[in-house]
Amino acid sequence: MSRMAEQQLYIHGGYTSATSGRTFETINPANGNVLATVQAAGREDVDRAVKSAQQGQKIWAAMTAMERSRILRRAVDILRERNDELAKLETLDTGKAYSETSTVDIVTGADVLEYYAGLIPALEGCQIPLRETSFVYTRREPLGVVAGIGAWNYPIQIALWKSAPALAAGNAMIFKPSEVTPLTALKLAEIYSEAGLPDGVFNVLPGVGAETGQYLTDHPGIAKVSFTGGVASGKKVMANSAASSLKEVTMELGGKSPLIVFDDADLDLAADIAMMANFFSSGQVCTNGTRVFVPTKCKAAFEQKVLARVERIRAGDVFDPQTNFGPLVSFPHRDNVLRYIAKGIEEGARVLCGGDVLKGDSFDNGAWVAPTVFTDCSDDMTIVREEIFGPVMSILTYESEDEVIRRANDTDYGLAAGIVTADLNRAHRVIHQLEAGICWINTWGESPAEMPVGGYKHSGIGRENGVMTLQSYTQVKSIQVEMAKFQSIF
């Protein structure tokens, strides 16, 4: 693909130049080619985006629930009509295989938007009787202008996960995509405008997170920030949001999730789940089950089944429909993953496969890392303690149920967890003891629109998707009505 035109900001229904004069480049990680130069939003751009959003939000909130629902449903239709085009752009920007982006990223994002479009008319208050002459009723009102700050691994899906409930509740959103993968969020803004969203209700500000993101979290005109990213960045966003104007926050942060295989499990099923929990999207998924616990007596058989499946991974041309494994999102991220792999070797973990970059004409110019499986791991190893966010699986052994539950919970993270077992009683007994917000039994990774997702501990605050997320983009107003004569004590 030839280099794209310089990308601008999207404010008040159209593209506009950044006042900062600063730019950055986004690359195709499969081959290192520059895709586009992108303008970076500065403080003045954030100010005008907020003013635009405030104007648009008043118009949007004044519409009836059905009017808002129809506009968002039109956006869903456009997303599905343009699925292949958007998936190709997402593949170029992220490096993910087209077989994945065309069937997951836009599809699941559109599903979430459709879900919330349908919920808009059901957003309602309640009536509380006090006595015969008095009652209270409540209204759920929009927060106003909210900000979404996205991560680089699922750019358009995250933009939809954040904007769908916010817009459904009557808010306007200013969205800052990751500077690593900024392109499809701008296309989403076009689609919202085409669907009939009032100008200013969805503005997109590409920029460097440490600057543009901070301007958003500092701004007094923003009522809430929804952030997806790493724990350290999330803590800064939360601190800035509280210090500036006591903003509400949703934090979807990192994970180091356990996948527990029990001795009664079908090992073929367990190996299939472990593969998806570690190598889907080249391991760049926050919910990955990177700590794979297996009974000592099952270790050798499990390892062989995993190795057989790793051999079936198809890396290469990301637009080949048979390819199911792409490069990492950037060269700095590739280098960071390689440092973790080197640390694992240094600390005594044994490499079953991988452990280096992929080599060959198809890979030499891209950010490729081979699918890597470590075994003979211990809980104190760096690769077991810290989030790597790459195609790196760590296999650990255990002897008893109580032991594995204790070790699975021995982490600052609490995003996801899963178990594989044929025993239904054990499945529920163990899952109820795991300290994680998203749990799976005999499966892994699905996050449908109806399912609230979010973490315990350092993995986050609040939830995305589900009914409760729509409510989190509203504030409750309580009104008492008195029909009897008011009695004053004065």
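Quick reminder: no glycine exception, Cβ is built from N, Cα and C everywhere.
Site annotation for K(+) 1 in Swiss-Prot covers Thr26, Ile27, Val180, and the matching candidate from Asp84, Asp93, Asp105, Asp111 is Asp93. NAD(+) binds Gly150, Ala151, Trp152, Lys176, Pro177, Ser178, Glu179, Gly230, Val231, Ala232, Ser233, Gly254, Glu387 as Swiss-Prot records it, and from the list Cys126, Cys286, Cys377 the residue named for this site is Cys286. A 10 Å cutoff on Cβ-Cβ distances gives Glu464 (active site, charge relay system) a total of 24 other Cβ atoms nearby, all chains included. Here the CA atom of Lys162 (active site, charge relay system) lies 14 Å from the CA atom of Trp152 (NAD(+) binding site). Within 8 A of the CB centroid of the K(+) 1 site residues Thr26, Ile27, Asp93, Val180, the other residues of that chain are Glu25, Asn28, Pro29, Leu35, Thr94, Trp152, Glu179, Thr181, Pro182, Leu183, Val329, Ser330.
You'll find the Cα of Glu464 (active site, charge relay system) roughly 17 Å from the Cα of Pro177 (NAD(+) binding site).
When each of the recorded positions Lys162, Lys457 is scored by how many other Cβ atoms sit within 10 Å of its Cβ, Lys457 comes out lowest. Cβ contacts within 10 Å of Glu179 (NAD(+) binding site), excluding its own Cβ and spanning all protein chains shown: 20. Pro177 (NAD(+) binding site) sits 15 Å from Glu252 (active site, proton acceptor), taking the Cα positions as reference. The 10 Å shell around the Cβ of Thr26 (K(+) 1 binding site) contains 25 further Cβ atoms across the protein chains shown.
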